[in-house]
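These come from Swiss-Prot:
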| type | residues | note |
| --- | --- | --- |
| BINDING | H37, D40, H171 | Zn(2+) binding site |
Amino acid sequence: MFADSAVACVISALRAVGVDSPLMSELVPRLLFVHAHPDDETLTTGGTIAHYVRRGADVRVVTCTLGEEGEVIGEQYAQLAVDHADQLGGYRIAELTAALAALGVDAPHFLGGPGHWRDSGMADTPARHQPRFVDADMAEAAGLLAAILDDFRPHVVVTYDPDGGYGHPDHVQTHRVTTAAVERAQWQVPKFYWTVMSRSGMGDAFAVARDVPEEWLQVSVDDVPFLYTDDRIDAVVDVSDSIEAKVAAMRAHATQISVAANGQSCALSNNIAMPIPGVEHYVLVSGAPGPRDARGWETDLLAGVNLA
């Protein structure tokens, strides 16, 4: 059984001194994160990604669009936006590549290939370009992701909850596609999680965040509408050992994320200050839970997974 990533740590140490074998490759834990746009992987699961990479796991990130419809922070690259040159998507490939490198992941993977589906924009924005991901044929999209599951055979799959975290159409569609792919794939995914934000965890992070830039709008945890209460959460990953990697990845997404000088908070194009917590939370959708702590939470997404 897999406990606290101990097997991965041993394998990583052996590989560091030149010892490798097909059996070792089979024993390496594999985690797949499915996200809607470049930067989502970092904002919601960046600490977890870096945490497991540090422990020798094989981690892959699948991104469903290039984020072409995103707003751009600052003047330097503002004309890349959809209303000007419409070159933001290509630029965000470079940002995603740099962010993944900061997290320890080799390269991005795009569902259907880069640009196969376009960012749908928010629900109230016009459909200026097709094909939008929100309109993707479910059989095609889920089939492509199921093929990735069958090839990679992840022990853990992570995506959004049915509301897409905060309601973005592409996040909701990513949830639907991933859920359908997990059901369709021949590979039986041992554990399937939603990434969620904890009210208590964010409250703790708000309480300790300091030196927030004056130009950012400061809010409280009560102003954040999409948080989960503790009784709805199944797992927490302490990412304090990987927070520097997460902050570096955030800074790589410079057209989308501003990061405070001290790395304790960030803001998107809305300039609303949000703390960067040292924990990331999850809901277990399918699979057997591993050992739980006093709160009733797993502290390792791989807990209880048999790698053999």
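Cβ coordinates are placed from backbone N, Cα and C, and glycine is handled just like the others.
Surrounding the centroid of the Cβ atoms of H37, D40, H171, where the record places Zn(2+), the chain contributes additional residues within 8 Å, namely H35, A36, D39, C64, T65, G67, Y160, G164, G165, H168, D170, T174.
Counting Cβ atoms from all protein chains shown, H37 (Zn(2+) binding site) has 27 others lying within 10 Å of its own Cβ. Neighbour density for D40 (Zn(2+) binding site): within 10 A of its CB lie 30 other CB atoms from the protein chains shown. Under 8 Å, Cβ to Cβ, and six or more positions away along its own chain, H171 (Zn(2+) binding site) finds A36, D40, Y160, D163, G164, G165.
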